[in-house]
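Colleague: Dropping the structure in here first, questions after.
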Amino acid sequence: MLPSTIQTLTLFLTSGGVLLSLYVSASLSYLLYSDILLKFSPKITAPTMTLDCTNASNVQAVNRSATKEMTFLLPEPEWTYPRLSCQGSTFQKALLISPHRFGEARGNSAPLIIREPFIACGPKECKHFALTHYAAQPGGYYNGTREDRNKLRHLISVKLGKIPTVENSIFHMAAWSGSACHDGREWTYIGVDGPDSNALIKIKYGEAYTDTYHSYANNILRTQESACNCIGGDCYLMITDGSASGISKCRFLKIREGRIIKEIFPTGRVEHTEECTCGFASNKTIECACRDNNYTAKRPFVKLNVETDTAEIRLMCTETYLDTPRPDDGSITGPCESNGDKGRGGIKGGFVHQRMASKIGRWYSRTMSKTERMGMELYVKYDGDPWTDSDALDPSGVMVSIKEPGWYSFGFEIKDKKCDVPCIGIEMVHDGGKKTWHSAATAIYCLMGSGQLLWDTVTGVDMAL
């Protein structure tokens with residue numbers, strides 16, 4: 001279907017000369033597309049005109065002005081596909097969004113109290129998403145802001161680089177779990193809320209609420225807390241439903257223009273998979289590094305074939321264990337599928353691909369502390385298979401020191417003109433406990449240049465102020 005973006009070029013021809021008038025209606029954002037359809041419709045008008053003549057009594061003058069209208073219909077933008085990554089061999093500190101450095105502001109300029117931030121990008125812009133408690137700091141509604149789920153939480157966004165304040169934020173839907181992605185034409189927003197025993201996934205495409213998906217295990221249906229992934233108009237979303245301390249089997253929803261068109265049921269090691277961070281390894285395969293909150297400190301690793309719409313899960317085999325809490329690296333014996341110990345509890349992990357012509361890099365993040373959500377390091381592994389490679393990952397630098405909070409982390413890609421820039425974001429939580437506000441900053445590191453990762457990030461926030 002063609003969009004409403006129309007350009008009308010009207011050429012008025014008169015005996016006194018040529019008047020060219022260009023009318024542009026709606027948006028010019030799609031001018032980069034070259035296919036143009038032309039439609040001509042003739043119009044005839046007869047304006048009055050005075051003529052000078054020496055013998056005017058014997059002359060009757062008639063003027064005709066002919067109008068030709070040309071209507072330019074611009075086609076819709078293209079669906080997005082993964083491209084090769086932009087050049088680079090290291091990540092560097094790109095951006096810090098620390099809203100509560102502005103905590104003295106009040107009213108519409110006050111920063112929202114948020115958690116679970118993530119970033120998703122379309123062809124023209126990136127959005128910084130989060131789940132708010134419908135409260136700001138300073139304010140009088142701090143009670144309950146440490147809760148994961150309640151009736152006040154909403155999925156919000158700002159343009160990346162903006163501070164998520166009351167006036168800057170767009171409230172998309174009521175939600176205590178969320179995701180979002182851009183298919184090249186429009187945004188898809190995902191929100192989950194409702195009672196633990198009967199939660200509901202809601203889908204919004206652009207400004208329209210388009211579809212829902214009901215709980216299948218009646219135990220906190222939830223989604224990934226990071227961007228879903230789109231290719232050729234199809235967007236893939238990871239969901240799970242089940243006990244945080246037991247079985248929680250994930251599924252993938254295939255969504256097109258805001259409507260669910262298929263459910264995908266992974267095979268393999270499916271006991272517990274949640275909070276997946278996913279991205280494209282190629283035009284054929286989505287890969288996800290996920291969280292097992294009950295059985296192991298290894299990350300469940302998903303491979304989803306978008307040509308066959310099939311998915312399989314196995315544990316990562318590397319001796320660098322990526323969850324928190326975790327045992328000492330290399331201490332788990334036995335085959336790759338061995339769970340090991342210290343598997344209770346967990347944290348969402350950052351993961352992003354570096355797609356190159358001759359090889360692929362997989363970048364991961366994990367906390368510096370083995371037991372606490374403190375600090376964040378970056379790791380990389382080129383080529384190989386995460387299911388079978390037992391070698392250690394290569395450390396690539398400290399993004400957050402062990403003295404600073406490092407909670408959830410996630411991956412995303414910024415779209416340059418001809419390539420994609422892989423990035424990792426880190427949630428740095430201000431944990432005020434149950435007696436005061438509980439919110440987060442976001443640190444962002446992206447692939448750029450060469451050398452070594454140079455500097456870590458601090459929030460600069462003192463909750464006692």
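Even glycines carry a Cβ here, placed using N, Cα and C.
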Colleague: Based on what Swiss-Prot records, which one of CYS276, CYS278 is disulphide-bonded to CYS290?
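Modeller: In Swiss-Prot, CYS290 forms its disulfide bond with CYS276.
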Colleague: Can you tell which of CYS228, CYS235 is bonded to CYS230 by a disulfide, based on Swiss-Prot?
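Modeller: According to Swiss-Prot, the disulfide partner of CYS230 among CYS228, CYS235 is CYS235.
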Colleague: Which candidate, CYS53, CYS86, does Swiss-Prot give as the disulfide partner of CYS419?
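Modeller: Within the candidate set CYS53, CYS86, Swiss-Prot assigns the bond with CYS419 to CYS86.
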Colleague: From the disulfide-bonded residues CYS126, CYS278, CYS317, pick the residue whose C-alpha lies nearest to the C-alpha of CYS228 (disulfide bond).
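Modeller: Checking each of CYS126, CYS278, CYS317 against CYS228 (disulfide bond), the shortest Cα distance is to CYS278.
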Colleague: In sequence order, what residues of the same chain, 6+ apart, have a Cβ less than 8 Å from the Cβ of CYS126 (disulfide bond)?
Modeller: ILE119, ALA120, LYS159, LEU160, PHE412, ILE414
Colleague: Can you tell me the CA-to-CA distance separating CYS419 (disulfide bond) and CYS230 (disulfide bond), as a whole number of Å?
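Modeller: Cα of CYS419 (disulfide bond) to Cα of CYS230 (disulfide bond) measures 16 Å after rounding.
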Colleague: Through the lens of DSSP with three states only, how would you label CYS235 (disulfide bond)?
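Modeller: SS state of CYS235 (disulfide bond) = strand.
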Colleague: Distance check, please: Cα of CYS446 (disulfide bond) against Cα of CYS317 (disulfide bond), rounded to an integer number of angstrom.
Modeller: 26
Colleague: I want to check the contact list for CYS278 (disulfide bond): same chain, sequence separation of six or more, C-beta distance under 8 angstroms. What comes out?
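Modeller: Spatial neighbours, sequence-distant, of CYS278 (disulfide bond): GLN224, SER226, ALA227, CYS228, ASN229, TYR236, MET238, ILE286, GLU287, CYS288, VAL302, LEU304, PHE351.
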Colleague: In whole Å, how far is CYS230 (disulfide bond) from CYS86 (disulfide bond) when you measure between their Cα atoms?
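Modeller: Taking the Cα atoms only, CYS86 (disulfide bond) lies 19 Å from CYS230 (disulfide bond).
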